[in-house]
Amino acid sequence: MRTSIATVCISGTLEEKMLACARAGFDGIEIFEQDLVVSPMSPEEVRALANRLGLTLDLYQPFRDFEGVDEALLPENLRRAEAKFELMNRLGIDTMLVCSNVATATVDDDAVAASQLRRLGEAAARHGVRIAYEALAWGRYVNTYRHAHRIVELADHPAVGTCLDSFHILSRGDDPSGIEDLLAEKIFFVQLADAPVLSMDILSWSRHYRVFPGQGGFDLAGFLAHLARAGYAGPVSLEIFNDTFRQSNVERTALDGLRSLLWLQDRAAARLAAGTVVPENGAAPRNDAGAAYPMHLASLPDVQAPTGFDFAEIRTDEPESVAQMLAQLGFGFRGQHRRKPVQLWTQGQARIVINGQRARGATPSISALGFQVAEPRRGVERAVQLRARAVSRHNTADEQELRGVNAPDGTEVFYCPATPRPAWMGEFGAAAPEGDEAAALIEAVDHVNLAQPWQAFDEAVLFYESALRLETRPATEVPSPLGLVRSQVMRTADGSIRLALNIVPQVLDGAGASARAYPEHVAFRTSDIFAVARRAKAAGMDFLPVPRNYYQDLAARFPLDEATIDTLRGLDLLYDRDEHGAFLHFYTETVGEMFLEVVQRDGGYDGYGAPNAPVRLAAQFERNRLRGGQRTTT
Ligand SMILES: O=C(O)c1ccc(O)c(O)c1
Ligand SMILES: [Mg+2]
């Protein structure tokens, strides 16, 4: 599949955009008019740069408000168009996008629109170019792809075809399976955009909230499969209007975009292979598994979702504060790495590595996660094909090689063999004998919560979904004293991996610096949280203190007896319950940029104590303030 991206998607100057698109690996780009108009580069220079970078210039856009006008307006519209055709000749671009008229159309008559587009096609042909007519979802008379296609058929000129844009089709709830009935040679161009499902006017939704395929709520794999079945084989281009993308790092956004197309092709190919491109109109699915299409869809190495956490690593130059908390929670010290300033602590299947390497000045934070997978090599291969940067650990011959990649926020993600006793544990000297399992009240890591910079949130979700095959759950918003924290749970279907990603609110301090006070955490699972909490209290652990008001509210919300409330209050435990079961949990004090949590799931409780999250955030904010203010990072 030929990949392309509109310059409007990303930040920077036209030159920076072109460099970033080439570096990310796109085949071509769409030149968005505004980017050219404000550029110091001449059309010839743009063309030469594209050439040097190996980028094709696939489309010039947008050309607005042409068809359906009073005949008196047509000469001026044609003059405007001819100026653009001349410009396209200088750029070496052969296709111009024409949006359906939103402003000047006064004639609601397909025959008139078609004859005007035909005259535009004749002018285009004289310049050796062609036009792709796109139905904007808010076009005055033409706002569906079928309608645009009908007009194109009526225009009946070889230089007049359509542009299909997934946003305009799917935002209206239109059925994309009709794409398969269009004339493939009349589909001149395809634009893809996903979007979160929002209820707002379509124009605002389109101009500000589009995201890359896989980051929103539309079925773009199905959309692409319909295009393949229609026989389309031209460029597939990302056209994303998104306020965040336009102010984020250009290289990262371009890479994120290309990753979205790689993953999309893989999913569309799988759908086609299975013959399960289910038409949304309820018609029986056409099963053409094994059919060949002119569009070649690239596949990724197939992998299964992880089956458990292998380890979590905390990097810090003050390992003792973390080690002390782990000891208080009942973890056993399994020794120092024989070669490196790294400690291993375990309890049940929970393994925490405290890494003091390259950690000068680093307060404790979560730096790496190991995921147990069936085929580690294949997992890394897939992630690298998805343009993640590879990292590797260990170099001496007798040590286990760990392979992994960097997640967008820099967290190292390792693909580890699935085993109850990882081989790398043998590299740690046995400081304490294993087998004190009677005391192992903690069974495993329940979930990990990672803070994400606001610009990299969609990118992180796409990464974990595509590279690790985690599923997303509906996002939630948690109020905190510093703003709303958007939280996205990503997990395996069976819950063996649960990862919560949180957007950190941006807070400016008095001096205008960006302050962050949102720590990350690892949560451990137990089936006797009272025993873990009592043991930790007896060992002198600092709990995150829970406000008394919380327990009064709890007593009002749930019919808990007074003794139970007293016990919860005495141990700083939080409580939640839903139709499936109950949830008990507590938090440690924050050290550096992280803290720990212990949870107990009773019955079929599958959540994370969402009603308690604001209590936790407010309590942490209070503690932070009392301890002398926020850390400031930028
Ligand atoms: O929002 C717009 O005006 C606009 C312009 C060009 C496009 O291709 C599009 O999908 C939307
Ligand atoms: Mg478009």
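Even glycines carry a Cβ here, placed using N, Cα and C.
Here's what TrEMBL has on this protein:
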BINDING   E134, D165, Q191, E239  divalent metal cation binding site
DOMAIN    444-589  domain 'VOC'
BINDING   H447, H521, E597  Mg(2+) binding site
TODO: Consider only the binding-site residues H447, H521, E597: which of them have a Cβ under 6 Å from an atom of ligand 2? Write none if no residue does.
DONE: none
Task: Environment of E134, D165, Q191, E239, the listed divalent metal cation site - residues of the same chain whose CB lies within 8 A of the CB centroid - done: L97, C163, L164, S166, F167, H168, F189, V190, L192, A193, S237
Task: Cα separation, H447 (Mg(2+) binding site) to E134 (divalent metal cation binding site) (Å, whole number) - done: 45
- [ ] Please classify the secondary structure at E134 (divalent metal cation binding site) using three-state DSSP.
- [x] strand
Task: Among H447, H521, E597, the binding-site residues whose C-beta sits under 6 Å from ligand 1 - done: none
Task: Cα-to-Cα gap, D165 (divalent metal cation binding site) vs H447 (Mg(2+) binding site), nearest whole Å - done: 38
Task: Assigned element (helix, strand, coil) containing E597 (Mg(2+) binding site), judged by DSSP - done: strand
Task: E239 (divalent metal cation binding site) versus H447 (Mg(2+) binding site) - Cα distance in angstrom - done: 35
Task: Pairwise Cα distance for H521 (Mg(2+) binding site)/E239 (divalent metal cation binding site) [Å, integer] - done: 36
